[in-house]
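Colleague: Provided herewith is a single structure, encoded as C-alpha coordinates, for subsequent inquiry.
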Amino acid sequence: MVQEAMNILYVQTDGAVLRLDHDNVVVMLSAKNRTSAAGDGGTAGEAARPGADPEQRRSRAGDAAAASLRVPLHHLQGIVTLGRVSLTSPLLARCAEDGRAVVVLNSRGKFLYRIEGRRSGNVLLRIAQHRVLHDSEKSVPIVQAVLAGKLHNSRHVLLRAARDTSDDVARAELQETAAEIARDLRRLPKVTDLETLRGIEGINAKRYFAQFPRPLKGAETWEFSGRTRRPPRDPVNALLSFLYTLLVHDCVSAAETAGLDPQIGYLHALRPGRPAMALDLMEELRPVLADRAAMTLINRRQLSERDFNHLPGGGVMLNEAGRKTVLDAYQRRKQDTCRHPLFKRTVTFAMLPYIQARLMARAIRSDAVYVPFFYR
(Lines of atoms letter the chains of each structure in order from A and count residues from 1; the text may use other names and numbers.)
(Lines give C-alpha, C1' and ligand atoms only; values in the text may rest on other atoms or scores of the structure.)
Protein backbone atom coordinates (compact mmCIF):
# COMPACT_ATOMS: atom_id res chain seq x y z
CA MET A 1 0.00 0.00 0.00
CA VAL A 2 2.79 2.42 0.92
CA GLN A 3 4.77 1.43 -2.15
CA GLU A 4 1.79 2.21 -4.37
CA ALA A 5 1.45 5.64 -2.73
CA MET A 6 5.03 6.45 -3.69
CA ASN A 7 4.46 5.84 -7.43
CA ILE A 8 5.05 8.68 -9.86
CA LEU A 9 3.46 8.77 -13.31
CA TYR A 10 5.99 10.00 -15.89
CA VAL A 11 4.69 11.01 -19.34
CA GLN A 12 7.01 12.23 -22.08
CA THR A 13 5.24 11.52 -25.40
CA ASP A 14 4.80 14.75 -27.39
CA GLY A 15 1.14 15.50 -27.94
CA ALA A 16 -0.10 13.30 -25.10
CA VAL A 17 -3.12 14.58 -23.17
CA LEU A 18 -3.83 13.61 -19.56
CA ARG A 19 -7.43 13.84 -18.40
CA LEU A 20 -9.51 12.82 -15.41
CA ASP A 21 -12.04 10.01 -15.74
CA HIS A 22 -13.75 9.52 -12.38
CA ASP A 23 -10.89 8.35 -10.11
CA ASN A 24 -8.46 7.54 -12.93
CA VAL A 25 -5.84 9.41 -14.92
CA VAL A 26 -6.28 8.63 -18.62
CA VAL A 27 -3.31 9.23 -20.93
CA MET A 28 -4.56 9.95 -24.45
CA LEU A 29 -2.14 9.39 -27.31
CA SER A 30 -2.61 10.39 -30.93
CA ALA A 31 -2.73 7.58 -33.49
CA LYS A 32 0.80 8.51 -34.66
CA ASN A 33 2.28 8.41 -31.17
CA ARG A 34 0.32 5.29 -30.28
CA THR A 35 1.94 3.46 -33.20
CA SER A 36 5.39 4.70 -32.17
CA ALA A 37 4.83 3.70 -28.56
CA ALA A 38 3.64 0.24 -29.53
CA GLY A 39 6.84 -0.24 -31.48
CA ASP A 40 8.78 0.40 -28.28
CA GLY A 41 6.78 -2.06 -26.21
CA GLY A 42 3.59 -0.12 -25.53
CA THR A 43 2.61 3.00 -23.68
CA ALA A 44 3.79 1.68 -20.34
CA GLY A 45 7.27 2.82 -21.28
CA GLU A 46 6.16 6.26 -22.34
CA ALA A 47 3.97 6.74 -19.28
CA ALA A 48 6.23 5.02 -16.83
CA ARG A 49 4.91 3.82 -13.49
CA PRO A 50 5.45 0.45 -11.79
CA GLY A 51 2.24 -1.53 -11.82
CA ALA A 52 0.57 0.56 -14.52
CA ASP A 53 -1.87 -1.40 -16.66
CA PRO A 54 -0.25 -1.56 -20.11
CA GLU A 55 -3.48 -2.65 -21.81
CA GLN A 56 -4.39 -0.22 -24.56
CA ARG A 57 -7.94 0.40 -25.64
CA ARG A 58 -9.79 2.53 -28.15
CA SER A 59 -11.52 5.51 -26.60
CA ARG A 60 -15.12 6.42 -27.33
CA ALA A 61 -16.23 6.30 -30.96
CA GLY A 62 -15.83 10.04 -31.41
CA ASP A 63 -12.14 9.79 -30.57
CA ALA A 64 -11.09 6.67 -32.45
CA ALA A 65 -7.69 8.16 -33.32
CA ALA A 66 -6.54 7.97 -29.71
CA ALA A 67 -5.50 5.19 -27.37
CA SER A 68 -5.31 5.42 -23.62
CA LEU A 69 -3.52 4.19 -20.55
CA ARG A 70 -5.60 4.25 -17.38
CA VAL A 71 -3.98 4.64 -13.97
CA PRO A 72 -6.02 4.77 -10.73
CA LEU A 73 -5.36 8.03 -8.91
CA HIS A 74 -5.01 6.30 -5.56
CA HIS A 75 -1.89 4.56 -6.91
CA LEU A 76 -0.14 7.87 -7.57
CA GLN A 77 1.83 10.23 -5.39
CA GLY A 78 2.42 12.67 -8.25
CA ILE A 79 2.71 13.29 -11.99
CA VAL A 80 5.79 14.42 -13.93
CA THR A 81 5.57 15.47 -17.59
CA LEU A 82 8.43 16.07 -20.01
CA GLY A 83 8.05 18.02 -23.24
CA ARG A 84 4.78 18.91 -24.96
CA VAL A 85 2.27 17.12 -22.74
CA SER A 86 -1.10 18.63 -21.81
CA LEU A 87 -3.20 18.16 -18.66
CA THR A 88 -6.88 19.08 -18.49
CA SER A 89 -8.19 21.54 -15.92
CA PRO A 90 -10.32 18.94 -14.08
CA LEU A 91 -7.26 16.72 -13.60
CA LEU A 92 -5.14 19.63 -12.34
CA ALA A 93 -7.90 20.65 -9.93
CA ARG A 94 -8.25 17.11 -8.59
CA CYS A 95 -4.49 16.74 -8.10
CA ALA A 96 -4.36 20.07 -6.26
CA GLU A 97 -7.32 19.08 -4.09
CA ASP A 98 -5.76 15.70 -3.22
CA GLY A 99 -2.27 17.09 -2.61
CA ARG A 100 -0.68 15.36 -5.61
CA ALA A 101 2.06 17.53 -7.09
CA VAL A 102 2.30 17.96 -10.86
CA VAL A 103 5.83 18.76 -12.06
CA VAL A 104 6.43 20.02 -15.60
CA LEU A 105 9.86 19.65 -17.22
CA ASN A 106 10.94 20.57 -20.72
CA SER A 107 12.13 17.90 -23.17
CA ARG A 108 15.68 18.21 -21.82
CA GLY A 109 14.56 17.49 -18.27
CA LYS A 110 14.91 21.10 -17.11
CA PHE A 111 12.42 22.16 -14.43
CA LEU A 112 9.76 24.59 -15.67
CA TYR A 113 7.10 24.74 -12.96
CA ARG A 114 5.27 22.81 -10.27
CA ILE A 115 1.55 22.81 -9.55
CA GLU A 116 0.29 22.00 -6.08
CA GLY A 117 -2.67 22.77 -3.85
CA ARG A 118 -2.79 24.55 -0.53
CA ARG A 119 0.17 23.80 1.67
CA SER A 120 -0.55 21.72 4.73
CA GLY A 121 2.84 22.29 6.33
CA ASN A 122 3.10 23.08 10.02
CA VAL A 123 3.79 26.81 10.24
CA LEU A 124 5.56 26.36 13.59
CA LEU A 125 7.91 23.82 12.00
CA ARG A 126 8.73 26.26 9.21
CA ILE A 127 9.41 29.04 11.71
CA ALA A 128 11.78 26.68 13.54
CA GLN A 129 13.40 25.73 10.23
CA HIS A 130 14.15 29.39 9.48
CA ARG A 131 15.53 29.96 13.00
CA VAL A 132 17.92 27.01 12.67
CA LEU A 133 19.39 28.70 9.61
CA HIS A 134 20.84 31.36 11.93
CA ASP A 135 21.71 29.01 14.81
CA SER A 136 25.04 27.29 14.19
CA GLU A 137 24.60 25.07 17.25
CA LYS A 138 21.63 23.47 15.47
CA SER A 139 22.55 23.81 11.80
CA VAL A 140 26.16 22.58 11.93
CA PRO A 141 25.29 19.16 13.45
CA ILE A 142 22.64 18.73 10.74
CA VAL A 143 25.18 19.52 8.01
CA GLN A 144 27.71 17.17 9.61
CA ALA A 145 25.12 14.38 9.57
CA VAL A 146 24.05 15.02 5.97
CA LEU A 147 27.70 14.95 4.87
CA ALA A 148 28.35 11.81 6.90
CA GLY A 149 25.54 10.08 5.01
CA LYS A 150 26.82 11.27 1.65
CA LEU A 151 30.45 10.31 2.31
CA HIS A 152 29.52 6.93 3.77
CA ASN A 153 27.30 6.06 0.81
CA SER A 154 29.81 7.36 -1.75
CA ARG A 155 32.47 5.20 -0.13
CA HIS A 156 30.10 2.21 -0.24
CA VAL A 157 29.62 2.64 -4.01
CA LEU A 158 33.39 2.79 -4.59
CA LEU A 159 34.11 -0.25 -2.42
CA ARG A 160 31.42 -2.26 -4.16
CA ALA A 161 32.93 -1.28 -7.51
CA ALA A 162 36.36 -2.36 -6.22
CA ARG A 163 34.97 -5.78 -5.28
CA ASP A 164 33.31 -6.20 -8.67
CA THR A 165 36.24 -5.23 -10.90
CA SER A 166 38.82 -7.69 -12.22
CA ASP A 167 41.30 -4.88 -12.95
CA ASP A 168 43.91 -4.78 -10.18
CA VAL A 169 44.92 -1.19 -10.94
CA ALA A 170 41.32 0.02 -10.91
CA ARG A 171 40.66 -1.86 -7.67
CA ALA A 172 43.65 -0.25 -5.97
CA GLU A 173 42.62 3.27 -7.03
CA LEU A 174 38.99 2.74 -5.99
CA GLN A 175 40.11 1.47 -2.58
CA GLU A 176 42.54 4.37 -2.16
CA THR A 177 39.83 6.93 -2.92
CA ALA A 178 37.45 5.16 -0.53
CA ALA A 179 40.13 5.39 2.17
CA GLU A 180 40.56 9.14 1.54
CA ILE A 181 36.80 9.63 1.87
CA ALA A 182 36.82 7.57 5.09
CA ARG A 183 39.50 9.85 6.58
CA ASP A 184 37.36 12.93 5.94
CA LEU A 185 34.33 11.07 7.27
CA ARG A 186 36.15 10.60 10.58
CA ARG A 187 37.08 14.32 10.60
CA LEU A 188 33.52 15.58 10.34
CA PRO A 189 32.61 15.66 14.07
CA LYS A 190 35.57 17.99 14.74
CA VAL A 191 34.74 20.46 11.95
CA THR A 192 32.30 23.13 13.10
CA ASP A 193 32.77 25.80 10.42
CA LEU A 194 30.07 25.63 7.76
CA GLU A 195 32.27 26.78 4.88
CA THR A 196 34.92 24.21 5.82
CA LEU A 197 32.25 21.51 5.79
CA ARG A 198 31.13 22.65 2.35
CA GLY A 199 34.75 22.49 1.24
CA ILE A 200 35.02 18.90 2.46
CA GLU A 201 31.90 18.04 0.46
CA GLY A 202 33.35 19.60 -2.69
CA ILE A 203 36.74 17.91 -2.38
CA ASN A 204 35.21 14.48 -1.87
CA ALA A 205 32.72 14.93 -4.70
CA LYS A 206 35.68 15.63 -7.00
CA ARG A 207 37.49 12.53 -5.71
CA TYR A 208 34.39 10.39 -6.14
CA PHE A 209 33.66 11.48 -9.70
CA ALA A 210 37.31 11.06 -10.68
CA GLN A 211 36.78 7.33 -10.04
CA PHE A 212 33.26 7.13 -11.45
CA PRO A 213 34.25 5.73 -14.89
CA ARG A 214 36.21 2.81 -13.42
CA PRO A 215 33.21 0.56 -12.63
CA LEU A 216 31.71 1.19 -16.08
CA LYS A 217 31.99 -1.66 -18.55
CA GLY A 218 33.29 -0.37 -21.85
CA ALA A 219 34.47 2.80 -20.10
CA GLU A 220 36.58 3.69 -23.14
CA THR A 221 33.36 4.30 -25.09
CA TRP A 222 31.79 6.38 -22.29
CA GLU A 223 33.78 9.60 -22.19
CA PHE A 224 33.73 11.12 -18.70
CA SER A 225 36.36 13.52 -17.40
CA GLY A 226 34.51 14.82 -14.34
CA ARG A 227 31.14 16.25 -13.44
CA THR A 228 29.81 18.92 -15.83
CA ARG A 229 26.41 20.63 -15.82
CA ARG A 230 24.44 23.36 -17.59
CA PRO A 231 24.88 21.78 -20.06
CA PRO A 232 26.27 18.27 -19.52
CA ARG A 233 29.23 17.76 -21.86
CA ASP A 234 29.07 13.99 -22.35
CA PRO A 235 26.51 11.15 -22.20
CA VAL A 236 27.44 10.07 -18.65
CA ASN A 237 26.91 13.59 -17.33
CA ALA A 238 23.65 13.87 -19.28
CA LEU A 239 22.47 10.62 -17.66
CA LEU A 240 23.48 11.74 -14.16
CA SER A 241 21.86 15.17 -14.57
CA PHE A 242 18.57 13.62 -15.66
CA LEU A 243 18.55 11.15 -12.75
CA TYR A 244 19.39 13.94 -10.29
CA THR A 245 16.50 16.00 -11.68
CA LEU A 246 14.11 13.14 -10.97
CA LEU A 247 15.53 12.58 -7.49
CA VAL A 248 15.45 16.24 -6.45
CA HIS A 249 11.76 16.49 -7.31
CA ASP A 250 11.10 13.40 -5.20
CA CYS A 251 12.93 15.18 -2.37
CA VAL A 252 10.90 18.37 -2.85
CA SER A 253 7.73 16.30 -2.48
CA ALA A 254 9.17 14.58 0.59
CA ALA A 255 10.10 17.90 2.23
CA GLU A 256 6.64 19.34 1.64
CA THR A 257 4.95 16.17 2.88
CA ALA A 258 6.93 16.48 6.13
CA GLY A 259 5.87 20.12 6.46
CA LEU A 260 9.30 21.56 5.62
CA ASP A 261 10.07 24.54 3.40
CA PRO A 262 11.97 23.02 0.42
CA GLN A 263 13.81 26.33 -0.14
CA ILE A 264 15.50 26.53 3.27
CA GLY A 265 18.45 24.18 3.69
CA TYR A 266 21.71 24.22 5.59
CA LEU A 267 24.40 22.51 3.51
CA HIS A 268 23.40 24.24 0.29
CA ALA A 269 23.60 28.03 0.26
CA LEU A 270 20.29 29.81 -0.29
CA ARG A 271 19.64 31.16 -3.78
CA PRO A 272 16.41 32.31 -5.45
CA GLY A 273 14.63 29.30 -6.91
CA ARG A 274 16.99 26.74 -5.39
CA PRO A 275 15.27 24.00 -3.31
CA ALA A 276 18.10 23.93 -0.75
CA MET A 277 16.39 21.57 1.71
CA ALA A 278 15.52 19.12 -1.08
CA LEU A 279 19.15 19.24 -2.23
CA ASP A 280 20.31 18.59 1.34
CA LEU A 281 18.04 15.54 1.56
CA MET A 282 19.20 14.34 -1.84
CA GLU A 283 22.93 14.31 -1.03
CA GLU A 284 23.00 11.09 1.00
CA LEU A 285 20.66 9.34 -1.48
CA ARG A 286 22.42 10.23 -4.73
CA PRO A 287 25.17 7.58 -4.59
CA VAL A 288 22.96 4.59 -3.82
CA LEU A 289 19.86 5.60 -5.79
CA ALA A 290 20.82 7.70 -8.81
CA ASP A 291 24.51 6.81 -9.29
CA ARG A 292 23.94 3.07 -8.91
CA ALA A 293 21.04 3.31 -11.38
CA ALA A 294 23.35 5.04 -13.87
CA MET A 295 26.04 2.38 -13.48
CA THR A 296 23.51 -0.41 -13.95
CA LEU A 297 22.09 1.15 -17.11
CA ILE A 298 25.56 1.45 -18.64
CA ASN A 299 26.92 -1.91 -17.50
CA ARG A 300 23.86 -3.81 -18.71
CA ARG A 301 24.16 -1.98 -22.04
CA GLN A 302 20.64 -0.65 -21.75
CA LEU A 303 21.86 2.68 -23.11
CA SER A 304 24.03 3.44 -26.13
CA GLU A 305 25.20 6.46 -28.10
CA ARG A 306 21.90 6.33 -30.02
CA ASP A 307 20.05 7.38 -26.85
CA PHE A 308 21.75 10.80 -26.71
CA ASN A 309 21.63 13.96 -28.82
CA HIS A 310 24.66 16.21 -29.22
CA LEU A 311 23.67 19.86 -29.23
CA PRO A 312 25.28 22.94 -30.82
CA GLY A 313 27.79 24.36 -28.36
CA GLY A 314 28.91 20.98 -27.03
CA GLY A 315 26.01 20.02 -24.79
CA VAL A 316 24.61 16.48 -24.63
CA MET A 317 21.10 15.37 -23.66
CA LEU A 318 19.09 12.17 -23.54
CA ASN A 319 16.64 11.82 -26.42
CA GLU A 320 13.09 10.50 -26.03
CA ALA A 321 14.10 6.84 -26.35
CA GLY A 322 16.89 7.34 -23.81
CA ARG A 323 14.61 9.10 -21.33
CA LYS A 324 12.10 6.27 -21.63
CA THR A 325 14.78 3.72 -20.71
CA VAL A 326 16.05 5.81 -17.79
CA LEU A 327 12.56 6.49 -16.41
CA ASP A 328 11.78 2.78 -16.40
CA ALA A 329 15.08 1.97 -14.69
CA TYR A 330 14.66 4.73 -12.09
CA GLN A 331 11.19 3.52 -11.16
CA ARG A 332 12.45 -0.06 -10.85
CA ARG A 333 15.31 1.11 -8.65
CA LYS A 334 12.86 2.92 -6.38
CA GLN A 335 10.97 -0.32 -5.84
CA ASP A 336 14.15 -2.11 -4.69
CA THR A 337 14.38 -2.56 -0.93
CA CYS A 338 16.99 -1.86 1.71
CA ARG A 339 17.17 -2.04 5.49
CA HIS A 340 16.90 1.29 7.27
CA PRO A 341 19.58 1.30 9.99
CA LEU A 342 17.55 3.41 12.43
CA PHE A 343 14.22 1.60 12.24
CA LYS A 344 15.71 -1.85 11.60
CA ARG A 345 13.13 -2.66 8.97
CA THR A 346 12.99 -3.13 5.22
CA VAL A 347 11.77 -0.18 3.14
CA THR A 348 11.72 0.67 -0.55
CA PHE A 349 14.16 3.24 -1.92
CA ALA A 350 11.05 5.25 -2.88
CA MET A 351 10.30 5.68 0.82
CA LEU A 352 13.76 6.97 1.78
CA PRO A 353 13.26 10.68 0.91
CA TYR A 354 10.06 10.69 2.99
CA ILE A 355 11.66 8.93 5.96
CA GLN A 356 14.67 11.25 5.93
CA ALA A 357 12.48 14.35 5.56
CA ARG A 358 10.54 13.37 8.69
CA LEU A 359 13.78 12.74 10.58
CA MET A 360 14.96 16.19 9.45
CA ALA A 361 11.72 17.76 10.70
CA ARG A 362 12.14 16.00 14.05
CA ALA A 363 15.71 17.31 14.41
CA ILE A 364 14.62 20.87 13.58
CA ARG A 365 11.73 21.08 16.03
CA SER A 366 13.34 19.22 18.95
CA ASP A 367 16.68 18.38 20.53
CA ALA A 368 16.90 15.13 18.55
CA VAL A 369 19.90 14.73 16.25
CA TYR A 370 19.38 14.21 12.53
CA VAL A 371 20.07 10.57 11.67
CA PRO A 372 21.34 10.16 8.08
CA PHE A 373 20.74 7.10 5.93
CA PHE A 374 23.77 4.80 5.91
CA TYR A 375 23.52 2.15 3.20
CA ARG A 376 24.86 -1.28 4.05
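Glycine too: its Cβ is placed from the backbone N, Cα and C atoms.
Quick caveat, the model's predicted, so the values are computed rather than measured.
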Colleague: Out of Glu283, Glu284, which one does TrEMBL list together with Glu201, His268 for Mn(2+)?
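Modeller: Same Mn(2+) site in TrEMBL: Glu283.
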Colleague: What are the sequence-distant neighbours of Glu283 (Mn(2+) binding site), meaning same chain, six or more residues apart, C-beta distance under 8 angstroms?
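Modeller: Spatial neighbours, sequence-distant, of Glu283 (Mn(2+) binding site): Val146, Leu147, Gly149, Lys150, Glu201, Leu267.
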Colleague: Whose Cβ lies within 8 Å of the mean position of the Cβ atoms of Glu201, His268, Glu283, the Mn(2+) site, other than those residues?
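Modeller: The answer, listed by sequence position, is Val146, Leu147, Lys150, Arg198, Leu267, Leu279, Asp280.
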Colleague: Do any residues at least six apart in sequence from His268 (Mn(2+) binding site), in the same chain, have a Cβ closer than 8 Å to its Cβ, and if so which, in order?
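Modeller: Looking at Cβ-Cβ distances below 8 Å from His268 (Mn(2+) binding site), excluding near sequence neighbours, one finds Arg274, Ala276, Leu279, Asp280.
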